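Q: Pasting the feature list from TrEMBL:
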| type | residues | note |
| --- | --- | --- |
| DOMAIN | B:127-417 | domain 'NADH:quinone oxidoreductase/Mrp antiporter transmembrane' |
| TRANSMEM | B:6-24 | transmembrane segment |
| TRANSMEM | B:31-53 | transmembrane segment |
| TRANSMEM | B:107-125 | transmembrane segment |
| TRANSMEM | B:131-150 | transmembrane segment |
| TRANSMEM | B:205-230 | transmembrane segment |
| TRANSMEM | B:242-264 | transmembrane segment |
| TRANSMEM | B:270-292 | transmembrane segment |
| TRANSMEM | B:299-318 | transmembrane segment |
| TRANSMEM | B:324-346 | transmembrane segment |
| TRANSMEM | B:367-389 | transmembrane segment |
| TRANSMEM | B:401-422 | transmembrane segment |
| TRANSMEM | B:457-477 | transmembrane segment |
């Protein structure tokens, strides 16, 4: 139960952060969400009916399940590496860290930047995307 | 014997990637090794197709650990077909990347090799957690390739696309991981063979697996979670767009087919949801394409629409439906890559893919125009190309299964598909051989500068699109061969006993 509530609170925090515009907050949201995922994996091993892995009698039914722990270890490594990459992306290419919107949306193509001038910040970047090789 | 070699399809590219990393910046060596391994992987996958001609499956637990502890790799006809076609696409896209000078980036070859290892791993694994791991192995180099080989100097555009791409995929992977946790919690295993028909027997397991299927659905970009695709794919270089279109969403579709066939055992209770969602995917995708303004975003929206067709095969879950779906999947991967590469060749040479800034390309580039024309008609489903066979068999299958409405939707969507293919055709290829008046925004000088005769699309740049267009003609005229192979693959999905037994005895 404790694990379930913790996971729920973490997901709620993550969703709150995802709704922010800044890339950095979105990344922090992913840190929370990753932890929520790990909590779910740990709970899948049956934390309520099992004891700690060491120091207890070697009874397979009561010793902590090692498989979810291996899952979590793998998941932590993967989430960590992607978080680093996202931090790099948030620091590269521009002076502010806003996530994209319609004005510099790649799907709209370069011609749409004229429409984007009504929006103060992205318009400047919209103009910059016109540099073709 | 074959089984123990399956792991090589993953191991060899991984080791080669590591070695190439250490050799430093040697473009020629990298390109040679990369192409050798890609062709080797494709060739051995084609041998696998030959080996499974009569059905059956092989599996191997890595390290000969007992079943349940070992990491299982399994292959059957469906996996072999997918391995072959993804390998073929990787080869053609790499040739295109080399021709368009995107492959000279320092880590291009190692990243491609890791990507190949990830794709092969996803297609071969018989364990849901390893599926997650291999999807990540596939995605991590993709993030690198996305930024590395992005278009020109348009820094913000590529970063914006990459940000969306990475966050979306990380969110999806986390949902998938949570789903794997739920499955382990409810069923006590994540091995596909042990999970066989578990979701049919137990509704809690079914809900847990549906979380995983939902995550795969985002990756496959089905409506209503399709919005990311058309926003991210046009933001990178044409070669990478073609590669991702052939590999990423299709790998997710493969996993949906496999999981529904094995874990749900084709449970008929949920199929109506699939029919509903995938019909909506077809319609909304194609309407998105009507409103898009560049060649690649039109094609990306079409991908959404076509994914609806492909997944309808699994939502019918009759043997005819699965056959048609698998045939459609293979046909679509080839045709879509051909379209992305032919319009990409024009984009690379003329600097833009925006409708209205180009015209009369057909006169300057007859070869590319023919390749595009063939692939476009094939996508719309006109005979004698493979798209006709794919659509016809899918429509027959859905009528047989009593889904008349879905069949009508398919026919209507085909017409609109043709319409927006004509939009690209008349906007880019047809018309006078000159820059249209819309060529403002600084692109016009670029266009006039490249209008010298020497600057036409080179043979190497055109070859990948032409080769893939030729394959779609071949599959259209000689559809019997691929249809019978798809039928074998579908039989393996409709009755997954051979696959399950192979994994258990591995």
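Glycine is treated like the rest: Cβ placed from N, Cα and C.
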Q: By a Cβ-Cβ criterion of under 8 Å, what residues six or more beyond either terminus of the transmembrane segment (B:107-125) are in contact with it?
A: 6, 9-11, 13-14, 16-18, 20-21, 30-31, 33-34, 37-38, 41, 71-75, 79, 82-83, 86-87, 90, 94, 97, 131, 133-142, 144-145, 148-149, 243, 247, 251, 254-255
Q: May I ask you to check whether the transmembrane segment (B:299-318) and the transmembrane segment (B:31-53) make contact, with contact taken as at least three Cβ pairs under 8 Å and only pairs 6 or more apart in sequence counted?
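A: Since fewer than 3 Cβ pairs under 8 Å link them, the transmembrane segment (B:299-318) and the transmembrane segment (B:31-53) do not come into contact.
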Q: Under a Cβ pair cut-off of under 8 Å, which of the recorded stretches B:6-24, B:31-53, B:242-264, B:367-389, B:401-422 contacts the transmembrane segment (B:457-477) most often?
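A: Most contacts with the transmembrane segment (B:457-477): B:367-389.
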Q: Are there residues at least 6 beyond the ends of the transmembrane segment (B:131-150) whose Cβ is under 8 Å from a Cβ of it, and what are they?
A: 10, 97, 102-103, 105, 107-108, 110-112, 114-115, 117-119, 121-122, 125, 157-159, 161-162, 165-166, 169, 173, 176-177, 180, 219, 232, 235-237, 239-240, 243-244, 247-248, 251, 255
Q: Checking distant contacts: for the transmembrane segment (B:242-264), what same-chain residues at least six beyond its ends satisfy Cβ-Cβ under 8 A?
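A: For the transmembrane segment (B:242-264), the far contacts come to 78-79, 82, 85-86, 89-90, 92-93, 96, 115, 119, 122-123, 128, 131, 135, 138-139, 142, 145-146, 192-193, 195-200, 205-206, 209, 212-213, 216-217, 219-221, 229, 233, 236, 270, 299-300, 303, 307, 310-311, 313-314, 317, 322, 325-326, 329, 332-334, 336-337, 340-341, 344, 493-494, 496, 499-500.
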Q: May I ask for the residues of the chain that lie six or more residues beyond the transmembrane segment (B:270-292) and have a Cβ under 8 Å from a Cβ within it?
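A: Contacts of the transmembrane segment (B:270-292) (Cβ under 8 Å, skipping residues fewer than 6 from its ends): 206, 222-224, 226, 230, 264, 298-309, 311-312, 314-317, 403, 405-406, 409-410, 412-413, 416-417, 419-420, 423.
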Q: Same chain, outside the transmembrane segment (B:401-422) by at least 6, Cβ under 8 Å from its Cβ: which residues?
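A: Residues 275, 278-279, 282-283, 286-287, 289-290, 298, 302, 305, 308-309, 312, 316, 318, 320-321, 376-377, 379-382, 391, 394-395 contact the transmembrane segment (B:401-422) from elsewhere in the chain.
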